[in-house]
């Protein structure tokens, strides 16, 4: 038995006991993290460099890429370190920092996805008011609100979770520090209920955002189906489907991870689901957006072409290397 005052480290879930499998997991995580860095880095560069993407949707996509990078950089490096060196430990302060940043980026990402849904709703259902409702100042305020919401939520959850006395050991049963797994170690009934209340409140906010997204897309699809030309409907769907795919992947895995019935819960299933929303989703998001967004694909193609051809010697190029 131990309490939080004497606890100096936590034990994370090991992916495998055999050394060969541990090294395999390291290389898989390395490949995923490099893919996430490359994909999100290209999105950030394309949006920042191409003036055609200096739109509200491009601005929010830039912020979304930052949250995806944050999620990847919060969970993957420690998992890589443990797989490479065959360890499972994380320090008490390291666990608190990991929980804070992961909660911060996840909360900010959901807020940004909700705002991006509002952007698509205004663009398709109220196009004449788009410039008024989504001007540069309004976009900056909404993005700031998303980041502030993520910060406040992460601060409250982290401060309350790590104020609980822990007396059920230090094994988390997860490959990164997550609130539900730390709560299982708590021996404070009142503190547990307080954190549970915060989780329920956060879940209600997420559910409210989910209802808003569903309602918005019902209105969007009704408006799209009223467009007379097939080309117009295709263009409208092309701007909405990537966002809808990202939202569906994010919400479905997050809800399933925390709301699935105990009867179907297992360590392997919990691990797979947590990998989906913490690692796989942030890696796939840029690819999903790039598949159907023609302007983004053109910007990425132009950026890559100029980086590896004649623009390599131009001072105006984003890839310019001085000689």
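Any Cβ shown, glycine's included, is placed from N, Cα and C.
TrEMBL: automatically predicted annotations, no manual curation.
These come from TrEMBL:
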- 39-289: domain 'G-protein coupled receptors family 1 profile' (DOMAIN)
- 26-47: transmembrane segment (TRANSMEM)
- 97-118: transmembrane segment (TRANSMEM)
- 138-156: transmembrane segment (TRANSMEM)
- 198-218: transmembrane segment (TRANSMEM)
- 239-259: transmembrane segment (TRANSMEM)
- 271-291: transmembrane segment (TRANSMEM)
Within-chain partners of the transmembrane segment (138-156) [C-beta distance under 8 Å, separation at least 6 from its ends]: 56, 59-60, 63, 67, 99-101, 103-109, 111-112, 115, 118, 198, 202
Surrounding residues of the transmembrane segment (239-259) on its own chain - C-beta under 8 Å, 6+ positions past either end: 57, 64, 106, 109-110, 113, 116-117, 120, 123-124, 180, 203, 206, 210, 213, 217, 220, 224, 270, 273-274, 276-277, 281, 284-285, 288-289, 291-293
Top partner of the transmembrane segment (26-47) among 97-118, 198-218, 271-291 - counted as Cβ pairs under 8 Å: 271-291
Positions whose Cβ lies under 8 angstroms from the transmembrane segment (97-118), at least six residues beyond its ends: 57, 60-61, 63-64, 67-68, 70-71, 74-75, 78, 90, 142-143, 145-147, 149-151, 153-155, 157-158, 161-162, 176-179, 182, 202, 206, 209, 212-213, 216-217, 243, 246-247, 250-251, 254, 277-278
Close approaches to the transmembrane segment (198-218) from elsewhere in its chain (Cβ under 8 angstroms; 6 or more beyond its ends): 107, 110-111, 113-114, 117-118, 120-121, 153, 156-157, 160, 179, 240, 244, 247, 251, 254, 258
